[in-house]
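Copied over from TrEMBL:
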- GLU303: active site, charge relay system (ACT_SITE)
- ASP307: active site, charge relay system (ACT_SITE)
- SER506: active site, charge relay system (ACT_SITE)
- ASP548, VAL549, GLY572, ASP574: Ca(2+) binding site (BINDING)
- 230-594: domain 'Peptidase S53' (DOMAIN)
Amino acid sequence: MGSSFQAARGVAVEHRVHVICHMTVDLQKGKMRLRTCLLGLLALCVASKCSYSPEPDQQRTLPPGWVSLGRVDSEEELSLTFALRQQNVERLSKLVQAVSDPGSPHYGKYLTLEDVAELVRPSPLTFRTVQKWLSAAGARNCHSVTTQDFLTCWLSVRQAELLLSGAEFHRYVGGPTEIHVIRSLRPYQLPKALAPHVDFVGGLHRFPPTSSLRQRPEPQVSGTVGLHLGVTPSVIRQRYNLTAQDVGSGTTNNSQACAQFLEQYFHASDLAEFMRLFGGNFAHQASVARVVGQQGRGRAGIEASLDVEYLMSAGANISTWVYSSPGRHESQEPFLQWLLLLSNESALPHVHTVSYGDDEDSLSSAYIQRVNTEFMKAAARGLTLLFASGDSGAGCWSVSRRHQFRPSFPASSPYVTTVGGTSFQNPFRVTTEIVDYISGGGFSNVFPQPSYQEEAVAQFLSSSPHLPPSSYFNASGRAYPDVAALSDGYWVVSNSVPIPWVSGTSASTPVFGGILSLINEHRLLSGLPPLGFLNPRLYQQRGAGLFDVTRGCHESCLNEEVQGQGFCSGPGWDPVTGWGTPNFPALLKALIKP
């Protein structure tokens, strides 16, 4: 079977004909052989009327630091992911609410992956229609996932450009590690008949994110009595009141994971050296239990090293998985591949910490809404997903020549727990915490405010003495972060070298994740289910078990109107540090109840 889009001649407007050749009939008359092809015309109409663009609002500009190496050879193979339209998304949302709300009789009664699949899997018509369309285009080696709502297929560039009208694939190189990707900066279109069946196609537009982790200059200090020289596991454990006994028991099936998508790798030898240097006063594991994805042989990345080292020292002695850049081909999107892995494995770690984010406005509505549904699927299964809130404060961009704050996604998803950042008031003493000015936070322009946080946000908006002008943010949007932890001045071992003063919410996120894993350990030992999606409980308990951070503001637009200042922290919840940072014994007490 073959497929082509053909321009009809002699007509001013370009017509596209999608044809399927059903059969070949050989007709012989004397020595003349006539070969005819019966064409099933799927569409014969003006392009603008018979096709649609699934992602018209997706940003398609080349990110800074990337350059094109030219068109990809037409016979080169691509791996593309087709997001199939799901069923019962509204019902899934209600189920998430039921299993995550402590006041519900269904609290903690999580669904299995098979239960979720039964609920959301696409209709037989959707699956059949998309499969036939792909088969007709010559797609090969198509693989689905347990939930059957993604199809990943191999096509040649020529086939992909015919299938996805308008797409033009180039190879690009960029990022700190000079990685190669294949993308199209031109919009793609699909036959209108597929509009009820396909959400979007992955592997065309979105470029890998770059790390916003930074190394800050060391603060100057005179005299060193009673001081620490940067954040290490012992500083974390002292500040958040973790004793030597607050470690995993080794007797439960508890586990935790970190995931990052920067084509960075951690080295097992760095983790072992980090624990030798900094893990002497608590029981710990010095190696990762499982790596999912590729582990390159190149230099270790600071972000990958940081994620693993602090997840495993905060959540000490708990089995840890690492999702390491699981995009296996230049045309795949690593973050999307991670979501596919979650939909294809029935036994997963209970807590996942992720240091990944994009500007909300750079992503298509179709993509953002679908990814949000993937987070709902995880929440229904009792997984805790923690995302870094970002390192640009409130962010800033210009819309119609007017400045606005710039929210980040997935930090702005209502189905994840978002972690902001703090600093010590005195950078060399284990003291109270203040806002780290880079801590990402604000209000979504896409997602409405979930009911679980309405009261807390209303309280903040009515009581904050330093609110930015209302034109800068969407006060009715999902507000984030939800919680925070130290994000400033960390020691990391990477490529066998101890590196000081590493900062970013990529540090606070694994720390908070490890502490939640310790609480899960107590829950599992008591016969209780893991915490699952934390936000409804977190907001109901109004920050119980957390140190309230009430001093400091984060950064934003450098203009006369706001002069670089975004939101400021205050008593209770705020869009800079959420409810605050963990006080382990009090947080355990608040979250151990059934």
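Cβ coordinates come from backbone N, Cα and C, glycine included.
Proximity note: of the listed binding-site residues (VAL549, GLY572, ASP574), none has a CA within 10 Å of the CA of ASP307 (active site, charge relay system). ASP548 (Ca(2+) binding site): 18 other CB atoms within 10 A of its CB, across all protein chains. With a cut-off of 8 Å between CB atoms and residues at least 6 apart in sequence, the same chain places THR422, GLU433, ILE434, VAL435, ALA484, SER569, ASP574, VAL576, THR577, GLY580, THR581 near VAL549 (Ca(2+) binding site), listed in sequence order. When averaged over the domain 'Peptidase S53' (230-594), pLDDT in the model lands at 93.
Comparing Cβ neighbour counts within 10 Å across the recorded positions GLU303, ASP307, ASP574, the minimum falls on GLU303.
Annotated Ca(2+) site ASP548, VAL549, GLY572, ASP574; additional same-chain residues within 8 Å of its Cβ mean position, judged by their own Cβ, are GLY543, THR550, SER569, GLY570, PRO571, TRP573, THR577, GLY578, TRP579, GLY580. Cα-Cα distance from SER506 (active site, charge relay system) to GLU303 (active site, charge relay system): 7 Å (rounded to the nearest whole number). Of all the recorded positions listed (SER506, GLY572), GLY572 has the fewest other CB atoms within 10 A of its CB. Cα separation, ASP548 (Ca(2+) binding site) to GLU303 (active site, charge relay system), rounded: 27 Å. A Cα-Cα distance of 31 Å separates GLY572 (Ca(2+) binding site) from GLU303 (active site, charge relay system).
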